[in-house]
Ligand SMILES: Nc1nc2c(ncn2[C@@H]2O[C@H](COP(=O)(O)OP(=O)(O)OP(=O)(O)O)[C@@H](O)[C@H]2O)c(=O)[nH]1
C-alpha cells in the first residue's frame with residue numbers, strides 16, 4: 001500500500017485500564033505487544049507516530065513523540081485533542097491502544113476517505129467506531145469548546161464539523177473481517193479471545 005503524505009498517527013494510551021487491571025497496550029497477542037502491533041501497522045501509513053500518555057517511559061519505543069493530555073480528565077477525547085495539537089501534520093489516523101487487529105487496509109481507506117472532510121469515521125453494524133478514525137486539526141477548536149463544557153462524548157462534536165461516515169460496504173471492500181479489526185481488549189477474557197484469533 002502506498003503511503004498518503006502528510007499524515008500523523010495517534011495512539012491513545014492514557015486510559016485507566018481498570019477492567020484489565022494492567023496496561024492493556026503492553027499485553028502480548030501472539031509474539032507482539034498490542035501497541036507494537038498497532039505501531040507496526042501505523043508506520044506503514046503515516047509519517048510520525050504520537051503516543052498520548054501520562055507514562056511516556058512505558059511506550060517511548062513505540063512512537064516518535066510522547067505527549068500528554070492538555071485538557072486532562074476527559075477520557076479518550078482529551079487524548080485525541082492533545083494528539084491533534086501536537087501533530088506535525090494536518091490529518092491524523094487515531095487509534096486506541098487496545099485494538100490488536102487494526103489493519104493497514106482499514107487505516108488507508110480512512111485516510112483516503114478523509115480527503116475534503118474534517119474527519120472520517122467508520123460505521124460498523126450501525127455503530128460508529130470513533131477510536132479508529134481520522135481527524136484533522138480543524139477539529140481542535142470544537143473539541144476544546146466541547147470539553148470546556150464538560151462533555152466528553154467522543155462523537156459529541158461531529159455535528160459541528162464535516163464528517164465522512166465510512167459505511168460497512170466500503171469497509172468490507174478493504175477488510176473482510178471487520179469484527180476482528182474493530183475488536184478491542186478491555187478485560188482478561190478479551191485477551192484470551194485475541195489469543196485464540198492468532199493461534
Ligand atoms: N490520552 C488519553 N487516552 C485515554 C484516556 N482515557 C482512555 N484513553 C484511551 O482511550 C482508549 C479507550 O479507553 P477505554 O477502554 O474506554 O478506557 P480505559 O481507561 O483504557 O479502560 P477502563 O479503565 O477499563 O475503562 C484506550 O486506548 C485508552 O488508553 C484519557 O483520559 N487520555
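Think of each number as a place in line: the chain as shown, counted from 1.
Here the Cβ of each residue, glycine as well, is placed from N, Cα and C on the backbone.
Note that TrEMBL annotation is computational and uncurated.
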Suppose a student reads TrEMBL and sees 12, 13, 14, 69, 98 listed for GTP. Which of 3, 24 should they find annotated at that same site?
24
According to DSSP, collapsed to three classes, what secondary structure does residue 24 (GTP binding site) have?
helix
Please give the maximum pairwise Cα distance, in Å and rounded to a whole number, for the GTP-binding set 12, 13, 14, 24, 69, 98.
19
Using all protein chains in view, find how many other C-beta atoms are within 10 Å of the C-beta of residue 69 (GTP binding site).
22
Mapped DSSP class for residue 12 (GTP binding site), helix or strand or coil:
strand
For a quick check of packing: other C-beta atoms within 10 Å of the C-beta of residue 24 (GTP binding site), how many?
25
